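Now, the feature entries from TrEMBL:
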DOMAIN    4-43  domain 'EGF-like'
DOMAIN    57-115  domain 'Sushi'
DISULFID  86-113  disulfide bond
DOMAIN    116-174  domain 'Sushi'
DISULFID  145-172  disulfide bond
DOMAIN    175-233  domain 'Sushi'
DISULFID  204-231  disulfide bond
C-alpha cells in the first residue's frame with residue numbers, strides 16, 4: 001500500500017505562499033487564506049501552482065454620512081470599525097458604527113443626522129420678538145415689551161441641543177403712575193386711568209382762576225408729568 005506524502009510538512013509559506021494555511025488530502029493538498037485575507041482567484045481554496053496568492057481584505061475609504069463625520073482614526077482591513085458622529089447643530093438617529101466585511105464593503109451605518117430645530121419660540125405675555133430669527137441650534141430671539149409695559153428679567157431666549165428654547169425670564173408689567181398729584185385749590189375733571197399715556201385734566205375750584213397748563217400725563221417712568229396749573233384767588237373771593 002502506497003503511503004500518502006504530506007506536502008504540508010514543508011513550511012506553509014513555501015508551499016502555499018504568504019498568509020496561508022496548508023491542508024493535506026490523500027494524494028494532494030490545498031491552501032486556504034488566513035482570516036483577513038482572500039485568494040486572488042476569489043475561491044476559498046487553491047493550489048499554488050495556478051498562480052493564486054492571498055491579499056489582505058480592505059474595504060477602502062468608509063462611506064460619508066450627510067452632516068456626519070468619522071470620530072478618530074481607523075483602518076480599512078477586515079473587522080475594522082469606524083465611529084460616526086453628527087456635526088454640530090445636528091442630532092443622530094440610528095447606529096453610529098460601520099464595519100469592514102469579508103466582501104470588502106463597509107456594512108453601512110444607519111446613522112441619520114437631522115438638523116436641530118427648536119420650532120416657534122414661546123410667547124411672552126404682553127411681549128413680542130424683535131426682528132427676525134432662525135430656529136437652529138444656538139439661535140437667539142430678543143424679546144421686548146409692548147407699549148405701555150416695562151420689562152423685568154432677561155430678554156434673550158436661546159435654542160438648545162435638546163430642541164427647546166431656553167426660556168427668557170422677561171416679565172412684562174403694565175406701566176402705572178398711580179394716583180395723580182393734587183393741585184392746591186384745584187381738582188381733577190372727570191374720570192381717569194393710570195396707565196402709560198393717560199391724561200388728567202385739572203380745573204380750579206370756584207373762586208380761583210388758573211394760570212399754566214392744566215393737563216398731566218402718565219409717563220413711561222411711572223410718574224405723572226406735572227401740570228403747571230397754578231390756581232389763584234379771584235378778587236372779591238375769600239381764600240380759606
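Using the three backbone atoms N, Cα and C, a Cβ is placed for every residue, glycine included.
All TrEMBL annotations are machine predictions without curation.
For the domain 'Sushi' (57-115), the predicted model reports an average pLDDT of 94. Secondary structure by DSSP for the domain 'Sushi' (175-233): 0 helix, 26 strand, 33 coil. All protein chains considered, the CB of residue 204 (disulfide bond) has 21 other CB atoms within 10 Å.
Counting residues of the domain 'EGF-like' (4-43) by DSSP class, helix then strand then coil, yields 7 helix, 15 strand, 18 coil.
Here nothing among the disulfide-bonded residues 86, 113, 145, 172 falls inside 10 Å of the CA of residue 204 (disulfide bond). Residue 172 (disulfide bond) is surrounded by 20 other CB atoms, counting those within 10 A of its CB over all protein chains shown. Using a 10 Å Cβ-Cβ cutoff, residue 145 (disulfide bond) registers 21 neighbours.
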